[in-house]
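Q: When I checked TrEMBL for this same protein, it listed these features:
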TRANSMEM  22-41  transmembrane segment
TRANSMEM  48-67  transmembrane segment
TRANSMEM  79-102  transmembrane segment
TRANSMEM  123-145  transmembrane segment
TRANSMEM  157-176  transmembrane segment
TRANSMEM  197-217  transmembrane segment
TRANSMEM  237-255  transmembrane segment
Amino acid sequence: MASDKNDGNGDDEIWLYDPSKAAAILFAILYGITTLFHIIQMFLMRKWYCWALIMGGIWETVGYALRILSVENPHSDGYYSPMLTLIILAPAWIAAFDYMTLGRLINTFLPSKSALGLPARRITLIFVLFDIFSFVVQGSGSGFLSSSSGNSFQIGSYILISGLALQVAAFAFFTITAIRFDIKYKREFGLDGRERYVALLYCLYVSCLCILIRSLFRIAEFAEHYPGTLSKHEVYFYVLEAVPMLPTLVIFNFWHPGTVLVGEGSSFREEKRNNTVAAADDADI
């Protein structure tokens, strides 16, 4: 990885260090490969809600592709600003996918189709709305960061930290809900049949843990007096941002929801259609 600059950003270059083009190429390729597989898997398994995970992968891939271009054009903000925005916001798409998957797990494997006293569909809705709000807040903050300086930049940092804090809070609620789902299943059925979903559940835990690590890194980075240690050394970006986010996509290539979420309850849309048909039949009677 390229050496860091000792003089900060003394000239008109955007970068606070000498960024590594090779590292950016590597991660653009890795994110591109796993995203391509997810697109294929979505069509093969017909799990259309996986588009959220694919969007996260696309944003990561394009973000690192723009990073390559920004490294080649260190005096231009035209590549740097959208790169920053895409990489900062991509995890929100992946988090939304995690939330939707948990809702479908609850709907598929629990006869009550609920956890924490809430229906699975409502749990999914709550999480996704929370994620959208976090997405909007983070997007507003990244807009300030990529186009402002001085006091405006500091305001952007505070806004972005708020959005990331909301995401961390959602992960805490998510973890409690996922644990409650597992406990409730074992209480009703013991360990019988648990092997059908446990690998996917653990993947959700790993995914959210990785996003949590990355979110805490970003909170620490933007909480520092700019430019701080985390923002002036590229190694922190790759170790705490690029590397943790990659497993959030790759693990679902190997343990895809389409192999677990099958049959009745695995699709809210299909369930709604069946309920509508049943209601129509009752009306005919």
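Using the three backbone atoms N, Cα and C, a Cβ is placed for every residue, glycine included.
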Q: Considering only Cβ pairs under 8 Å, which range in 48-67, 157-176, 237-255 makes the most contacts with the transmembrane segment (123-145)?
A: 157-176
Q: Same chain, outside the transmembrane segment (197-217) by at least 6, Cβ under 8 Å from its Cβ: which residues?
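A: Apart from its flanks, the transmembrane segment (197-217) reaches 91, 94-95, 98, 101-102, 105, 108-109, 164, 167-168, 171, 174-175, 178, 181-182, 230, 236, 240-241, 244-245, 247-248, 251-252, 255, 257, 260-261.
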Q: Residues of the same chain, at least six outside the transmembrane segment (48-67), with any C-beta under 8 angstroms of its C-beta?
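A: Same-chain contacts beyond the ends: 19, 24-25, 27-28, 31-32, 34-35, 38-39, 41-42, 79-80, 82-83, 86-87, 89-94, 96-97, 100, 104, 242, 245, 248-249, 252, 257-258.
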